[in-house]
Amino acid sequence: MVLVLHHILIAVVQFLRRGQQVFLKPDEPPPQPCADSLQDALLSLGAVIDIAGLRQAAKDALSAVLPKVETVYTYLVDGESRLVCEDPPHELPQEGKIREAVISRKRLSCDGLGPSDLLGKPLARLVAPLAPDTQVLVIPLLDKETGTVAAVILVHCGQLSDSEEQSLQVVEKHALVALQRVQALQQRRPEAVQNTSADPSEDQKDEKGYTAHDRKILQLCGELYDLDATSLQLKVLRYLQQETQATHCCLLLVSEDNLQLSCKVIGEKVLGEEVSFPLTMGRLGQVVEDKQCIQLKDLTSDDVQQLQNMLGCELRAMLCVPVISRATDQVVALACAFNKLGGDFFTDEDERAIQHCFHYTGTVLTSTLAFQKEQKLKCECQALLQVAKNLFTHLDDVSVLLQEIITEARNLSNAEICSVFLLDQNELVAKVFDGGVVDDESYEIRIPADQGIAGHVATTGQILNIPDAYAHPLFYRGVDDSTGFRTRNILCFPIKNENQEVIGVAELVNKINGPWFSKFDEDLATAFSIYCGISIAHSLLYKKVNEAQYRSHLANEMMMYHMKVSDDEYTKLLHDGIQPVAAIDSNFANFTYTPRSLPEDDTSMAILSMLQDMNFINNYKIDCPTLARFCLMVKKGYRDPPYHNWMHAFSVSHFCYLLYKNLELSNYLEDIEIFALFISCMCHDLDHRGTNNSFQVASKSVLAALYSSEGSVMERHHFAQAIAILNTHGCNIFDHFSRKDYQRMLDLMRDIILATDLAHHLRIFKDLQKMAEVGYDRNNKQHHRLLLCLLMTSCDLSDQTKGWKTTRKIAELIYKEFFSQGDLEKAMGNRPMEMMDREKAYIPELQISFMEHIAMPIYKLLQDLFPKAAELYERVASNREHWTKVSHKFTIRGLPSNNSLDFLDEEYEVPDLDVTRAPVNGCCSLEG
């Protein structure tokens with residue numbers, strides 16, 4: 001019996017202390033020297049079953065853990081509610097320091113008692129002053145349920161160390177537990193005398209007044225020393241099966257939010273995965289609310305089917321008894337017994353046996369569950385700390401960080417799928433998925449920030465837990481229908497920065513080990529989102545710092561490569577004033593004019609002439625010296641690759657001028673938009689290196705490091721260089737603009753220059769077609785944006801609208817540049833595209849494909865919107881026919897050599913009826 005009661009004490013120590021005891025854990029460090037004496041003292045307290053034993057055990061326990069104990073008096077409440085000590089018999093003083101401790105309900109320490117505390121000889125030895133290094137402790141023990149003082153212990157001992165103070169706190173708690181147990185046993189004995197039993201042996205008392213039922217339950221309590229709820233359930237369920245003669249018993253634990261039941265143990269079997277099901281279904285949920293027992297006949301067919309699936313056998317009988325917490329008076333579990341041996345149903349005696357069991361073990365069960373919850377929280381906190389460590393080690397790459405967030409969120413919540421969206425202006429963008437990071441912009445997911453579940457969370461900033469996705473009005477099930485995937489439940493939570501602004505949204509889909517995401521998952525997600533917000537914000541900040549460093553590096557590189565514009569240069573340019581357009585060439589404003597025929601030294605003046613002819617200098621009151629410096633600086637901002645050089649920029653700018661003059665753009669666009677288009681044409685290829693975007697990414701260049709995450713690497717660099725020139729002293733032609741106009745001009749330039757990326761053009765091509773079909777609407781802002789993009793692209797490809805000889809020569813320049821890149825790629829060990837491989841490229845077919853799929857559709861759209869642009873489309877179509885003839889000629893006569901540029905030798909030219917007019921600057925002879 002002593003061993004059994006020792007086990008009782010161990011369980012009480014572990015569960016009421018919620019895992020704070022270290023001396024029972026096998027994986028903790030060895031206990032301190034006083035731990036053995038403390039354990040013996042607590043075991044003695046756990047073994048008491050009467051008042052006399054309690055007094056002695058309390059005295060022994062305090063003597064074991066406190067230093068220099070000389071006297072211990074224990075005062076217990078008697079029948080008249082007085083606090084009385086029996087050794088020697090006397091009542092607790094009604095005045096003085098002892099009474100103060102009782103009233104305040106807190107432990108009191110003093111160097112001795114005063115006259116009002118003394119009741120003759122019993123307390124005479126405690127009078128002040130005491131011997132040095134000694135004290136009197138007045139220790140009230142509080143009944144937590146009633147809030148009253150259940151006992152008072154008076155101790156004369158030495159001064160306490162920190163470890164002795166902790167040991168005293170342990171003894172206080174367990175002395176109170178022992179007292180409550182003794183009182184419960186005293187109350188139980190009269191009931192045992194009154195009750196009758198069918199089996200006389202069950203009511204037969206031993207010499208201490210205990211029945212067989214009492215001995216069984218005491219033995220069970222002695223075995224409940226486990227730290228985890230699973231082991232405890234196994235022992236309790238084994239006891240219930242014996243008492244009720246059931247084939248199976250289980251405990252259905254009620255979740256904190258009262259929304260689901262869970263079961264981990266059935267009879268002698270521990271399930272591999274915890275079984276959970278909603279509490280809102282059937283009669284089981286009513287048991288939690290009504291706190292009334294039910295049997296099999298009370299269940300719905302769905303309840304029966306669910307329980308049979310869980311048990312794996314047919315139900316013939318069932319008894320369900322609610323287990324109620326004494327502390328909260330709420331149902332914490334449902335004790336279920338199934339299929340009675342030798343009977344068709346469970347009796348009232350079985351119900352009383354279950355209730356009797358949990359009358360004594362219910363507190364241990366709730367304490368164990370609370371302890372297990374604390375342990376779970378502890379583990380989750382440790383996991384969150386590890387998550388924080390993992391996240392903060394990936395701040396250098398946002399994509400890798402988001403991938404880490406997805407992995408950690410899925411693992412923490414046991415979700416099947418996780419997605420993370422970042423808020424980008426009015427859109428939620430997902431570039432990182434469970435499968436990895438998406439490098440191609442065309443495959444990233446963009447959704448409006450105010451639509452769907454993620455949009456709702458981003459807008460409200462509140463967590464959203466959806467138990468049934470298909471029943472929720474914000475859920476779109478079209479994706480499920482098309483993929484065959486079934487979304488059962490969703491937990492979507494916001495990610496905020498330090499200013500509590502939403503910067504992203506995380507969406508968890510399908511709880512793996514439960515019917516839906518629980519309140520615990522919500523709390524965990526909320527805590528997790530804090531780490532996510534901090535890490536993402538710092539990662540973006542880190543990225544900005546790196547970008548600033550890259551920009552600084554680029555600025556230095558540009559300054560080293562280019563020379564500043566001297567005062568002599570712009571003075572010479574403006575010496576004779578701005579030349580009229582008509583003085584340049586009589587056909588300068590015609591589509592047939594080829595700008596490459598103009599000497600390069602005259603192009604800067606031609607730019608000024610066009611700006612003056614379009615009246616931008618006067619309308620915007622641009623300072624001519626500033627404009628001259630800007631034009632010269634832009635010209636110097638171009639490197640000298642075969643094609644993407646200043647003459648290309650000049651040709652593109654001239655075509656913009658032609659569109660303005662011949663298509664009357666002022667009837668379609670605002671002046672500031674046309675001005676932005678012209679300046680963008682000048683700057684659209686600034687500092688071009690003769691290589692494309694994919695090469696920058698593959699070579700891991702500085703440009704790729706700076707712009708690859710945003711896409712359009714070179715185009716973003718061109719715009720950045722344009723801004724750098726504007727910020728150069730004496731070059732800001734927009735300096736006198738209002739703040740609003742200045743911001744709009746820069747926004748227009750950014751959008752127009754980015755539109756020179758053909759990938760961007762292909763993305764908006766359907767929108768352009770739709771605009772051409774319905775007709776241009778000047779009041780539609782979207783039409784303005786689309787038209788500017790179309791005009792920029794048509795300017796960029798304007799060489800294809802010139803005569804055949806110009807087009808052929810331009811092809812030679814382009815492929816020289818392409819083949820140079822191909823040679824670099826081969827040197828890097830990469831395989832270049834066919835069009836960039838001088839040994840494989842078949843230029844005529846490549847040009848035909850380019851004409852048919854890119855150039856002709858662009859100028860066809862331009863013709864649909866502007867009938868006067870028909871000649872441009874016709875000339876592009878004519879050039880396409882020339883390439884067809886060249887291709888046919890090569891097919892008949894054979895390939896000239898292994899060098900693809902030999903396709904463009906004069907020998908293989910198609911005879912042209914146009915006669916040569918004049919030498920072309922860096923290009924060819926011109927036709928009319």
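Cβ atoms here come from the backbone N, Cα and C positions, even for glycine.
Here is what Swiss-Prot records for this protein:
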| type | residues | note |
| --- | --- | --- |
| MOD_RES | Ser109 | phosphoserine |
| REGION | 188-210 | region 'Disordered' |
| DOMAIN | 228-365 | domain 'GAF 1' |
| DOMAIN | 397-536 | domain 'GAF 2' |
| DOMAIN | 566-890 | domain 'PDEase' |
| ACT_SITE | His644 | active site, proton donor |
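A straight line from the CA of the residue listed as 'phosphoserine' to the CA of His644 (active site, proton donor) spans 90 Å. Within 10 Å of the C-beta of Ser109 (phosphoserine) we count 14 further C-beta atoms, all protein chains included. Counting only same-chain residues six or more apart in sequence, the Cβ atoms lying under 8 angstroms from the Cβ of the residue listed as 'active site, proton donor' belong to Tyr638, Asp685, His688, Gly690, Glu817. Across the domain 'GAF 1' (228-365), the DSSP tally of helix, strand and coil residues reads 55 helix, 45 strand, 38 coil. Averaged over the domain 'GAF 2' (397-536), the predicted model has a pLDDT of 79.
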